Amino acid sequence: MKNLTIVADSNIASLDEFFNPIALGQNTEQQVQVIRVAGRDINAQLLADLQPDVLLIRSVTQIDQALLANNNSVKFVGSATIGTDHVDQDYLAERNITFANATGCSKHSVAQYVVSAILTLRPQYWAQSMTPLTLGIIGLGNIGSTLAQYASDLGWQVLGYDPLLATSDINNASLEQVLCQSDIVSLHVPLTDKKDTDTQGAMSISNNFSDYPTRHLINAETLARMSPHTMLINSARGPVIDAAALEADIDATERQVVLDVFEHEPQIAESLLSKLAIATPHIAGYTLEGKLRGTQIIYDALCEKLAVLPVLSMHQLLPLNTYLWSELKENPDRLLKFYDIKKDDTALRNKITSGQVKGSDFDQLRRDYHLRREWQA
C-alpha cells in the first residue's frame with residue numbers, strides 16, 4: 001500500500017491522535033501525511049495539486065463535482081458533522097468515493113444548548129409548580145428526539161412534527177399545531193430544497209432535495225401563525241429561516257429569538273443581531289464530547305475502508321466530567337456553572353464592526369472556541 005495522504009479541515013478535533021500510522025494500522029514503512037487546511041480554503045485547485053487519498057471536512061466545505069472534477073485520487077470523504085446538505089452524495093457514488101458523516105455526534109450537545117437557552121431566558125420553567133412548558137420541536141431525528149427526552153425529564157410537554165417519520169409519542173402534531181400551540185419552537189431539520197428547484201441564480205442551493213423542503217420553512221406566513229410570546233430557536237441550518245421575514249416579525253412582535261445559525265453565515269448583519277435575545281456563532285454542537293465523537297465516527301469509517309480494526313476510542317482522550325444531568329436538573333443554580341450561554345452571545349456581539357460581523361471574525365470565534373462539556377445523561 002502506498003503512503004496515505006489526508007487533507008483535513010484544521011478545525012476537526014484530535015486529528016493527530018486519530019489519523020496517524022499506528023491508529024490507522026499502517027506498517028512502519030508507510031507514512032500518513034495529514035495536511036491541515038481551513039475548511040473554507042479547501043478548493044478544486046488545492047485538491048488537484050495535492051491529489052489526496054482522503055478528504056476530511058466539516059459543513060463549511062461544499063463537496064461536489066466542481067470541487068473534485070480535477071482530482072482522481074480521493075477514495076474517501078468523511079464529514080465530522082451530522083448534516084449532509086453540503087455533500088453531493090449522488091456524485092460521490094458515481095465516482096465510487098466512499099462517504100461517511102458523523103450521524104448523531106452532537107445530538108446531546110445541541111439539545112443541551114437548547115435547554116440552556118430556554119432556561120436562561122425563561123428561568124421560571126425550572127419550577128415544577130408552573131404550568132408545564134409546551135415545547136414544539138420541528139424535526140425529530142437524532143437531535144430533536146434527544147431534546148424531547150430532556151424536555152420530558154423536566155416535566156415539559158412536547159409537540160413534535162416530522163413528516164418523514166411515523167406517528168409516535170413525540171411525533172404527535174401537525175406543523176400548524178406546533179406553530180400555534182407551543183410556548184417555544186425549536187428547529188432541528190436538515191436544509192432541503194424542492195425536488196424541482198431551479199438552481200439557476202440560486203445563492204446557496206443545498207445538495208438535498210425533498211418533498212418536504214425546509215429552506216425558508218420559517219417565513220412571513222409561518223411566523224404569523226405563531227403567538228408573539230412564542231420563543232423561536234434555530235440551531236439547525238440558517239436558511240431554514242427567512243432572515244428578512246424574521247427581522248420584520250421581531251420588529252412587529254418583540255418575539256424572543258435564539259439563533260446559533262444564520263441565513264447568510266458567516267456574515268451577520270447588525271440589524272438582525274441587535275434584535276435577537278441570544279445569538280451564538282454556530283457552536284451549539286461544540287462540546288468536547290461532540291467534537292471527539294464526530295472525529296471518532298469518521299475515523300471508524302476510514303478504518304473500515306482501509307480494512308483495519310480501530311484501535312483508538314474517544315474515551316481514552318476525555319478528562320473526568322463532573323456534570324451529571326440527574327443532579328443538574330434538580331439544581332438550577334448550577335446551570336451557569338455548566339454553561340453560561342450569555343458569554344458566547346457577548347463574544348459574537350463584540351465582533352460587530354461597520355454594521356456587521358465579518359465572516360473572518362465569525363470563523364475565528366468558531367476556530368478558537370473553548371469547548372464546553374456535555375452533561376452526562
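Positions of Cβ are set from backbone N, Cα and C atoms, glycine also.
Of the residues proposed, Ser59, Ser271, Ser274, the one Swiss-Prot records at the same substrate site as Thr81, Tyr286 is Ser59. Across the structure, Arg237 (active site) and Asp260 (NAD(+) binding site) are spaced 9 Å apart at their Cα atoms. Cβ atoms within 8 Å of the centroid of the Cβ atoms of Ser59, Thr81, Tyr286 (the substrate site) belong to the same-chain residues Arg58, Ala80, Ile82, Gly83, Ser106, His282, Gly285, Gly294, site residues excluded. Sparsest Cβ environment among the active-site residues Arg237, His282 (other Cβ atoms counted within 10 Å): His282.
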